[in-house]
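*Asks:* The structure under discussion is supplied below as C-alpha cells; questions concerning it will follow.
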C-alpha cells in the first residue's frame, strides 16, 4: 500500500462512521470511493472563489468542461470550506492561516483514505509576500521554515511540544520548475518559504495596529531571512508540508509574490494586475497536471 494514503491514527479503524464535520460529508451518508476514488490531483488554496475559478480553468484545459459550465460546491452543506471536482482533479479552499488549513487537511486526508485513492499529488496554490523578488514572481517551495528560519513545525499536543519536519517533495519541485521553463511566461524560482502565525507583526510589517520595532530592525530581519534562503512569506505551508509528510502524500507549494517586502509592506498594485498575478500559480499547476496526464 505504498502509494495509498497512510493514516497515522489507529482509532479510526474502530469507528463505525467517520463524519467529516467541516466538509458536511460522512462515510455513513456518502459513497467516498464512488465520489472521489478517481482523484489523482488535489489543489488547495485560501479563497473559495479562487478554487472555483481553478476548477473551471482546469476543466477547460483538460477538455472536460463546456464553456459556461457551472461546478457545484460539494461542501454546500457548510460555509467553512468549498470543494469542487472535475475528472481526476479536486479543488478545495482552506481559509487563512495554520489552524484553518490544518482542520481542512485532517478531513481531506481522511476523505482520500476512505475513497481508497492512490498516487495522490497535493499542491497548495496561493499568494505571498516576496523577499528580493519582483512582484509577480512564482516561488516553488523547497522547504517551509518557521519565523526563526528552521525547517520545522512546532505544535503542542497533549501539553507537550512536538516538532515535525516541513520538507517538501524535491522531485515534484523540480518537475514544476521544468514546467515553468516550458511555458516561459513568468519568473519562477525554487526557494524556502517562511510560514508565520500572523500577517502583521509575525511578518515584520510596519503597518499593523501594533508595531514595537523600527524600520531598521524590520529590514535586518528580512535580509537575514533572504540570506537563509527564504524567498517568500505566507501562513500555511508548514502544517501543509508536515501533514502531507506524515500521510505519505507527495506535496508542493506554489505561490506568487504580490510585492517585494524589502521595498514596502502594503500591496498597492492595481486590481487587474493582482488578478493576473494570482492566475500564475494556477497556470503553472494546470500545465503540470496536463503534462502528467499526457495532454501536453
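A Cβ is built for glycine as well, from the same backbone N, Cα and C atoms used for every other residue.
According to TrEMBL:
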type	residues	note
BINDING	80, 124, 125, 126, 127	phosphate binding site
BINDING	203, 205	substrate binding site
DOMAIN	40-289	domain 'Nucleoside phosphorylase'
*Asks:* For a quick check of understanding: among the binding-site residues 80, 124, 205, which residue's Cβ has the most other Cβ atoms within 10 Å?
*Replies:* 124
*Asks:* Counting across all protein chains shown, how many other Cβ atoms sit within 10 Å of the Cβ of residue 203 (substrate binding site)?
*Replies:* 23
*Asks:* I'm trying to understand the geometry here, so how far is the Cα atom of residue 125 (phosphate binding site) from the Cα atom of residue 203 (substrate binding site), in Å to the nearest whole number?
*Replies:* 20
*Asks:* 10 Å Cβ neighbour count around residue 126 (phosphate binding site)?
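*Replies:* Taking all protein chains shown, residue 126 (phosphate binding site) has 23 Cβ neighbours within 10 Å.
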*Asks:* Give me the CA-CA distance between residue 205 (substrate binding site) and residue 127 (phosphate binding site), in Å, as a whole number.
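*Replies:* The separation of the Cα atoms works out to 17 Å.
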*Asks:* Given a 10 Å Cβ-Cβ cut-off, pick out the one of the binding-site residues 125, 127 that has the most other Cβ atoms nearby.
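*Replies:* Per the Cβ count, the most surrounded site is 125.
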*Asks:* Measuring Cα to Cα, how many angstrom lie between residue 127 (phosphate binding site) and residue 203 (substrate binding site)?
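*Replies:* Answer for this pair: 14 Å between alpha carbons.
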